[in-house]
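Visitor: What follows is a single structure, and I will ask about it in a moment.
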Amino acid sequence: MNKINIKKVVLAYSGGLDTSIIVKWLQDTYRCEVVTFTADIGQGEEVELARTKAKAAGVKEVYIENLREEFVRDFVFPMFRANAIYEGEYLLGTSIARPLISKRLVEIAHQEDADAISHGATGKGNDQVRFELNAYALDADIQVIAPWREWDLSSRESLMDYAQKHGIEIDYKKQLKKSPYSMDANLLHISYEGGILEDPWAEPEEDMWRWTVSPENAPNKAEYVEITFKKGGIIAINGKTMSPASVMEDLNKRAGAHGIGRNDIVENRFVGMKSRGCYETPAGTVMLKAHRAMESLTLDQAAAHLKDELMPKYAEMVYNGFWFAPERKMLQAAIDNTQEIVNGIVRLKFYKGNVTVVGRQSKDSLFSEKIATFEDDEGAYNQKDAAGFIKLNALRLRLKALK
């Protein structure tokens with residue numbers, strides 16, 4: 001990349017140690033103006049502090065945007081309509097946040113007539129891939145600066161030394177006492193990596209978990225919750241209509257209080273290595289269970305089974321950074337077509353780390369009590385018909401058995 005041609009850069013900025021250093025590094029290395037962008041997607045931090053820190057670093061244009069509703073409505077909910085889960089365990093909390101941030105980075109770059117965008121993802125992880133693939137899908141000519149792939153800073157200590165040397169304001173005592181884990185949070189989840197988690201045999205300390213109580217210490221009384229779906233999306237909890245972001249906030253609080261949503265995973269990163277992460281996804285755990293329950297009542301068998309076959313590929317696309325790719329959009333269109341009839345109410349029980357479906361109802365239900373009953377069905381189903389069905393399906397098996 002020709003540094004001479006870089007006059008203005010839009011940086012995805014959190015206000016933390018890494019991105020605070022990146023501001024100064026970009027200014028010194030590229031001799032460019034830096035515009036910062038901070039997305040509020042429910043990370044639970046005081047995002048306005050990012051404005052103060054950016055201004056102190058000499059940033060003139062600071063973008064701080066509340067994207068909570070857009071994040072859930074246009075990214076989280078569509079993903080959950082697919083029942084997406086990566087490698088059978090991961091609910092994609094970090095993965096699904098990256099497309100929206102990339103989208104706004106590109107849009108702000110266009111608005112500011114910037115020459116490049118930049119992010120603080122390391123050269124070892126998935127996020128660098130996600131940020132950049134999503135950005136290139138929206139602007140083929142966008143230039144991306146990834147400082148972690150260029151500079152020689154390789155540890156927290158080296159970052160702190162750089163900050164001290166260049167007069168970057170950070171709370172050194174806070175940094176030294178900082179959690180040993182690398183954390184990332186939004187309305188869908190909070191993740192933990194690093195520290196003792198780098199040993200896959202080591203159990204995380206109880207005080208690591210921030211959103212959920214230990215199931216052992218959860219209430220001894222179960223809580224019943226009714227979730228209302230319309231076209232595959234949650235629109236109400238216990239009869240109270242809520243916005244998408246409010247749904248997430250409510251379920252995170254309710255489910256977290258019962259110890260629901262903890263997960264400890266070793267996953268295969270897109271870049272090739274295995275990585276261990278711990279996740280708290282209270283609302284997502286509930287949503288997946290409830291949505292599958294609603295689909296079990298309303299979706300045709302073959303459509304439901306085909307959807308399940310497509311889901312791992314969909315989840316892989318999200319995980320790897322292909323949200324804006326044509327194949328993900330194609331699958332989304334097919335999935336959303338199935339959701340027109342996913343309407344109704346699911347009743348759940350929360351108790352000591354478990355979420356159990358205890359009831360479901362829908363005006364679009366395909367369940368026929370008259371046909372399914374073990375009692376007299378008054379001729380609704382002729383059991384004699386099953387003989388021919390079995391005989392035809394057994395044909396290839398019988399032919400094989402004759403050999």
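Any Cβ shown, glycine's included, is placed from N, Cα and C.
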Visitor: Among GLY120, GLY123, GLY125, GLY167, which residue does Swiss-Prot annotate as binding ATP at the site that also has ALA12, TYR13, SER14, GLY15, GLY16, LEU17, ASP18, THR19, SER20, ALA39?
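Guide: Swiss-Prot names GLY120 for this ATP site.
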Visitor: In Swiss-Prot, the L-citrulline site includes TYR90, SER95, ASN126, ARG130, SER182, SER191, GLU267. Which of TYR162, TYR279 does it also list there?
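Guide: So, going by the record in Swiss-Prot, that would be TYR279.
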Visitor: Using C-alpha atoms, which one of the binding-site residues TYR90, SER95, ASN126, SER182, SER191 comes nearest to SER20 (ATP binding site)?
Guide: SER182
Visitor: Pull out the binding-site residues from the set ALA12, SER14, GLY16, ASP18, THR122, ASP127 whose C-alpha sits within 10 Å of the C-alpha of SER95 (L-citrulline binding site).
Guide: ASP127
Visitor: Going by DSSP, is ARG130 (L-citrulline binding site) sitting in a helix, a strand, or coil?
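Guide: The three-state answer is helix.
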Visitor: Among the binding-site residues listed here, SER20, THR122, SER182, which has the most company in the form of other Cβ atoms within 10 Å of its Cβ?
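Guide: The largest 10 Å Cβ neighbour count belongs to SER20.
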Visitor: Tell me which of the binding-site residues ARG130, SER182, TYR279 ends up closest to SER14 (ATP binding site) in space, Cα to Cα.
Guide: SER182
